[in-house]
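Enquirer: In case it's useful when we look at the structure, here is the feature table from TrEMBL:
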TRANSMEM  A:22-47  transmembrane segment
DOMAIN    A:76-289  domain 'ABC transmembrane type-1'
TRANSMEM  A:81-101  transmembrane segment
TRANSMEM  A:113-133  transmembrane segment
TRANSMEM  A:165-185  transmembrane segment
TRANSMEM  A:215-236  transmembrane segment
TRANSMEM  A:268-292  transmembrane segment
Amino acid sequence: MSATTTTGTGDLHRSERRWGRLFIAPPVIGFALFALAPLLFSLYAAFTHWNGLSAPLFSGFANFRTMAGDPQFWQSLGNTLFLMIGVPIGLAISLILALALNRQMPGRAAFRVIYYLPGVSSVAAIAILWQWALNGDFGLVNQLLAAVGIDGPNWLAEKHWVKPALILMGVWKGIGFSTLLYLAALQSVPRTLLEAAMLDGAGAWLRFRHVILPMLSPVTFFLVVTGIIGGAQMFAEINIMTPTGGPEFGSATIVWYIWQQGFQNLQLGYATAMSLVLGLMIFLVTAVQFYLNSRNIFTVE
Amino acid sequence: MTMRRRRFLTGAAGAAAAAAAGVTAGCGNLHSSDPDVLTFMFRGSTEERDVFSRAVAVFEERTGYEVQIISTSADQYATKLQTAILGNSVPDVFYLEPPRTMAYVTNGVLADLTPYVEATDLPVDDIWTAGLDLYRFDGEQIGKGPLYAMPKDLGPFSFGYNKTLFEEMGVEPPDPDVPLDWDEFLERCQALTGDRDGDGATDAWGTSVNIGAEIHSYVWSNGGDWLSEDARTITIDTPEFAEALQYIVDLREVHGVTPSINETEGMDGYQRWLRGQIGFFPVAPWDLTLYRTLDFEFDLCPYPAGRTGVSATNIGSLGIGVSAKSLRPDRAAELAMFLACDPEAQAIIVGEGQTIPNTRSHAAEWVKDTSIEPRNKQEYLDIVEDYGHFVPNALTYTPEWMDAFFTNIQPVLEARADVGEYLAATQPVMQDFLDSAREQFRIDQEANAR
């Protein structure tokens, strides 16, 4: 297939275009059916009183007024934001790991597999695994801490420790994926640039700071964006590890709260309204990120 | 070239069609379109599934109706069922969690079983009255009016004790008929708490309180309650309620007769009970098969009684409901009633015990069997017939108000927060939830009346 097929207008290309449309039809129809249609419906449902058992009733802005005055909504939103501390921590660790793995050393492939393993495991399995690891007394984490003389807390049952515990798990889970991407990006940093910098007298740190880091910025950007979107939608781990929203609602994320309202408390209309607000927030944050990114783009001329 | 493409496309279209068919079949199987096949949505362990499959097989054999069992894990059940309701593919017969009765009836999800009960030959009258009443709803209050589900079982949450530990510590066992008062209970607990192996660390305790499950007993027997009679006002800010909660807190924080916070972190009360370190502990029917394998003897006794002098505890239950949209409601109702009270089905379900018999006549026989623990099985029947209550989140439109009580309770249990202040501060929060549930009930009631 040459590039001309897309711009051609003659009979020769008509069938090609038809085939082309046919081939893109499945994803487009899939998107329309399973993403766009629910989105449009949610635009309506957010303005209704809807218990999920019978038909929705229009209720104007009632759901949004409730939301503004709902302490649990704000708390779960705050919890979700707090848990995102894990994003930069995870990126820093991944970068360090990628730098280490980017050198010729024996067993590199094995390490890559080990770091990537959590990324391909089921979230439910990981959550159950960590639930045990974080157990107050005989959990692995506290046993390790005990080995260095620290008396670890009961992670999942204490208000102040449940979030750090979840961050720890999140970082561990995400590290493989980001390390792999960083590694790929590191390997594509042009050798010529590094050599030029060396000739200019740049040491290892300066080369890292002014050549490698900027070359990695597209990957960092991608990871931050997906990390924030993923973090804003954290649910399964919470529902398995702290099924009631954690000590003093300390680990209830916004999506968990949406689920709880929609499926436990017959407030599907309210839940839809919250989802809509969450979707809007994610969109805005991502838009801001794209804007900031476009202002300091780094290119090799 | 075109040939090959076309062939590929036909194949792809075929695959897509097959996938689409798979999807529709996947959605449709909750609600049978074949009127001769009943669907029964079930949740529970693999053992329970096995037991119920056997009971259902007897039903199929006897009636000639085909039943398809849809099994889900307990934690996914509510979500799955609600999705089925939303998708208008409710199974013919399904388990009903009591806190959902009001909402399901108001929104037309459940069929009224009263006419089927009147017409059947099955011994429905023999089922525990309290169990049937839990699923009655007259449009305003639970407990009266048409019957919307059969109780699958009743789970009397009895108190019990470790006989072996009592002997070892030289403590007089509790009377099976007369409840201890709170002072006596504390004394026994103090006598049970100690260091048996002499290594300087406590390894036996009087009791261990699971607040979510046991607070009801302490509150009710002290004359307190969660709700007013009409289920419209939260009444946790009464002296009776406060005294009960304070008593529970003091058991650990003042008297040290339950494992401390640190001690429960590693191994909770349940684990310690299984290891024979706890004197008094709840013994519910569903625990019996496990408890019988432990290397100590146990028996049942009434919960200690507060101010009222009368013991109290809660009764758990799960209902078996029939979809209002079932194509064969008569057969579906027959299955629900069959599982709840048919002697043959009950014999299979009660078996070696995860549950007590659902019918009075069966229970009267069952209680006489002293060959297996616990000997004092009568305690279970006393709870069901006499001093047990249902947790009142079954009496309201949504159960959220009760969840709110437990959200911030941890500091109180650790005596870092004052009981009275906590109750005073939490009452309005719970009241708000209760009021909005009430408001929601009104809206839904009106909408469905139209």
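The backbone N, Cα and C atoms fix where each Cβ goes, glycine too.
Buried or exposed, and what's around them? Tell me for each listed feature.
Expert: Remote same-chain residues near the transmembrane segment (A:22-47) are listed as 56, 58-61, 63-64, 268-269, 272-273, 275-276 (criterion: CB distance under 8 Å, separation of at least six residues from the stretch ends).
For the transmembrane segment (A:113-133), the list of distant contacts is 97, 139-141, 156, 165, 169, 172-177, 179-180, 236-237, 240-241: same-chain residues at least six beyond its ends, Cβ to Cβ under 8 Å.
Residues 83, 85-86, 89-91, 93-95, 97-98, 101-102, 112, 115-119, 123, 126-127, 130, 134, 141, 155-156, 215-216, 218-219, 222-223, 227, 230-231, 234, 237-238, 241, 251 of the same chain, all 6+ positions outside the transmembrane segment (A:165-185), place their C-beta atoms under 8 angstroms from a C-beta of that stretch.
Note on the transmembrane segment (A:215-236): residues 80, 83-84, 86-87, 90-91, 94-95, 123-124, 127, 170, 174, 178, 181-182, 184-186, 188-190, 193, 253-256, 259, 278, 281-282, 285-286, 289-290, 293, 298, 300 of its chain, located 6 or more positions outside it, place their CB under 8 angstroms from a CB of the stretch.
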Enquirer: Are there residues at least 6 beyond the ends of the transmembrane segment (A:268-292) whose Cβ is under 8 Å from a Cβ of it, and what are they?
Expert: 42-43, 45-52, 56, 59, 63-64, 66-67, 73, 221, 224-225, 228-229, 232, 254-255, 257-259, 261-262
